[in-house]
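Asker: One structure, as structure tokens, below. Some questions next.
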Amino acid sequence: MLPRAARPPCLRVPGHFAHRGPAVPRSTPRISTRHSIQFRVFSTSKGLLNKNATSEPKTPISGSPLAPQSADQKTKNAQNAAGTPKRDLLSETMVGKQEQRKADWAIMKEMAKYLWPKDDWGTKLRVGTALSLLVGAKILNVNVPFYFKSIVDSMNVDFAAIGGTAYTVAGSMIIAYGVTRIGATLFQELRNAVFASVAQKAIRRVARNVFEHLLRLDLNFHLSRQTGGLTRAIDRGTKGISFLLTSMVFHVVPTALEISLVCGILTYQYGAQFAAITAATMVAYSAFTITTTAWRTKFRKQANAADNRGATVAVDSLINYEAVKYFNNEKFEVARYDKALKAYEDASIKVTTSLAFLNSGQNMIFSSALAGMMYLAANGVASGSLTVGDLVMVNQLVFQLSVPLNFLGSVYRELRQSLLDMETLFNLQKVNVNITEKPNAKPLQLHRGGEIKFENVTFGYHPDRPILKNASFTIPAGQKFAIVGPSGCGKSTILRLLFRYYDVQEGRILVDGQDVRDVTLESLRKAIGVVPQDTPLFNDSIAHNIRYGRIDATDEEVRKAAQRAHIHELIEKLPEGYKTAVGERGMMISGGEKQRLAISRLILKDPELLFFDEATSALDTYTEQALLQNINSVLKDKARTSVFVAHRLRTICDSDQILVLKEGRVAETGSHRELLELDGIYAELWNAQEMSFAQDPESEGNAELEEGAGQEVLPDSRQK
């Protein structure tokens, strides 16, 4: 333990706990003040990099959308800041028939662009070839009944009398029949092969556009998202694209073509009666299918909504697996999931039973028409006006219509389902991006070294609870700046506003004299590096998560960044080293290890403006001090503007300036010594934390060790 005289100057201020007094028994209650002080427990970092580790889950930050305010300007700013309330895109809201029809046509027109894209002659050639093959297949199919008729009529002779065989009598017709059927099948399969790339390319483009749009949406959308339902809706929508494109090209128009050909043949060969029955059958069949399918749509929507809810519950429970276990709530989560499954079960039963009704009605209409036409043909055979071959041909032609008709029925059903699925997908693309660039936005120019200025800034996530209230302060370029205050006073919100996750409702934010709303988002965010409270990690390797700070970084640069973040040696001890996977959201490593990986990212990105939001809260004292030493050396060597948000005041007492927030307003500013001499809120927070160390002998020991380490950590330029 170092003598008190050897401690850093910020820990040796006379009159402010220079004498701590005797240790207070452990049972003595902790001090509590009106400023809602958060006490942090110093603990040893554990996790994947420590064999005796347990993961440390963190609670995600939640937000709520900002409702419109009374004044017009405030309304506009509020909407830009946090978005106006919208209906849940994943809840299949019932709409009127006219609105649904408009939405369906809009989707059809949008998808037509992928079928016949401008300046893409390759796609146009494939679509044209596929259509040609389709027409060829339909023509061959229509010829099959003619060959069948010829075969039957040729065979309707006395073979013994003419001394012939099946081959000599009908051989050529049999061969033509087989070749025609083979040709029709071959054309259909070639059509599918040629069109496959068109459908897959469209799926890829739509899915990429939706994903790109989701990444452009503001933070408010993603804080209120339902991950499981969202991914399920995207999956269903992309699958629906292929079916919709195939239906548009290969089912709807071709079926109409085939029906027209059959009606024309029946009229020409056998008279208007046969064609009239065929046409009436088509009208009745189509009308019944469309009407019944429209009635069934609501059951499909209910099933989709229940499916989304079930996926959301399942993903949410599995992601928060540890929380479920901590509170023994497995039965509760199973009950939640089962409730969603029950809703899906009920809706699916309605879908299935209504489908049975639809199929029965379709078969009844078709079978009635077939029986009527066979009766007319049989009368013709009996009267001698038709041959047995004609009877067979009529039967074949009508049965040949059954295939496209059945397709038409199922296609319409699935087409409606695909349109419903794609409606959600395309609605995601219609979500407004609230945080946008001005048309004349220019790249951020840091010609003053990165001075940050907040001028009369007012902002709140909810109109009834503003976070920042007319806040004004300046963060000088190249200095270490700290922001402290009770929880909920707006410390982390400052970063969100600077990063333009939200826009201010009043006032403005300047970086080197440039309003952040006047510069490009890419240049602004490229200049800012962040170590957040809850470090986001991908379910990938350690190397990938570090390299995410700069995607084009080499392996050597990744290692150097890890070394400066004091995590390289721990990584090297792992069997797979930098290839070790960190698990979903980094759950396989501890909070301290997450923070060091986040700092590695920041070092690799090397931005001009650095934000540390409780960046070392999960580290043990030794690691924290060694890491702060490296961070301070970087700040000193490169003169970076840095902002530290902290509850543990010992980690920021060497800052050039400290800003104290209270209830969204700037309460105090100054150096550590100046604020203690002011004897205001900061002094009260400091004294309360010092008393907490005095009351806990273990914390006292850690504090002494921290102070001793701090003697080496703080650069001379920071000691005041």
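Residue numbering: from 1, along the chain as shown.
A Cβ is built for glycine as well, from the same backbone N, Cα and C atoms used for every other residue.
Heads up, here are the entries from Swiss-Prot:
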BINDING   ARG296, THR297, LYS298, PHE299, ARG300, ASN359, SER360, GLY361, GLN362, GLY409  glutathione binding site
BINDING   TYR461, GLY485, PRO486, SER487, GLY488, CYS489, GLY490, LYS491, SER492, THR493, ILE494, LEU495, ARG496  ATP binding site
COMPBIAS  48-57  compositional bias 'Polar residues'
COMPBIAS  70-82  compositional bias 'Polar residues'
COMPBIAS  697-709  compositional bias 'Acidic residues'
TOPO_DOM  50-126  topological domain 'Mitochondrial matrix'
TOPO_DOM  149-171  topological domain 'Mitochondrial intermembrane'
TOPO_DOM  196-244  topological domain 'Mitochondrial matrix'
TOPO_DOM  291-356  topological domain 'Mitochondrial matrix'
TOPO_DOM  376-390  topological domain 'Mitochondrial intermembrane'
TOPO_DOM  413-720  topological domain 'Mitochondrial matrix'
TRANSIT   1-49  transit peptide
Asker: Quick check for you: of the binding-site residues ARG296, LYS298, ARG300, SER360, GLN362, which have their Cα within 10 Å of the Cα of ARG496 (ATP binding site)?
Answerer: none
Asker: Under an 8 Å Cβ to Cβ limit, what residues of the same chain, 6 or more beyond the ends of the topological domain 'Mitochondrial intermembrane' (376-390), are close to it?
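Answerer: Same-chain contacts beyond the flanks: 148-153, 156, 269-270, 273-274, 277.
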Asker: Tell me which of the binding-site residues TYR461, PRO486, GLY488, GLY490, ILE494 ends up closest to LYS298 (glutathione binding site) in space, Cα to Cα.
Answerer: TYR461
Asker: For ATP, with binders TYR461, GLY485, PRO486, SER487, GLY488, CYS489, GLY490, LYS491, SER492, THR493, ILE494, LEU495, ARG496, what's the maximum Cα separation in whole Å?
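Answerer: Largest Cα to Cα distance for the ATP-binding set is 19 Å.
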Asker: For GLY488 (ATP binding site) and ARG300 (glutathione binding site), determine the Cα separation and express it in whole Å.
Answerer: 44
Asker: These are the binding-site residues: LYS298, ARG496. Which one scores highest on other Cβ atoms within 10 Å?
Answerer: ARG496
Asker: Nearest of the binding-site residues to ILE494 (ATP binding site) by CA-CA distance, picking from ARG296, ARG300, SER360, GLN362?
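Answerer: If we rank ARG296, ARG300, SER360, GLN362 by Cα distance to ILE494 (ATP binding site), first place goes to ARG300.
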Asker: Quick check for the class: what is the C-alpha distance, in angstrom and rounded, between GLY490 (ATP binding site) and GLN362 (glutathione binding site)?
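Answerer: GLN362 (glutathione binding site) has its Cα 64 Å from the Cα of GLY490 (ATP binding site).
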Asker: Roughly how many angstrom lie between the C-alpha atoms of GLN362 (glutathione binding site) and PRO486 (ATP binding site)?
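Answerer: Pair distance, Cα basis, whole Å: 70 Å.
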Asker: Does DSSP put ARG296 (glutathione binding site) in a helix, in a strand, or in coil?
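Answerer: Reduced to three states, the DSSP call for ARG296 (glutathione binding site) is helix.
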Asker: For TYR461 (ATP binding site), identify the closest of the binding-site residues ARG296, ARG300, SER360, judging by Cα separation.
Answerer: ARG300
Asker: Taking the Cβ of SER360 (glutathione binding site) as centre, how many other Cβ atoms lie within 10 Å?
Answerer: 10
Asker: Take the topological domain 'Mitochondrial matrix' (291-356) and average the pLDDT across it for me.
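Answerer: A mean pLDDT of 86 is what the predicted model shows over the topological domain 'Mitochondrial matrix' (291-356).
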Asker: Using DSSP reduced to three states, classify SER360 (glutathione binding site) as helix, strand or coil.
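Answerer: It is helical.
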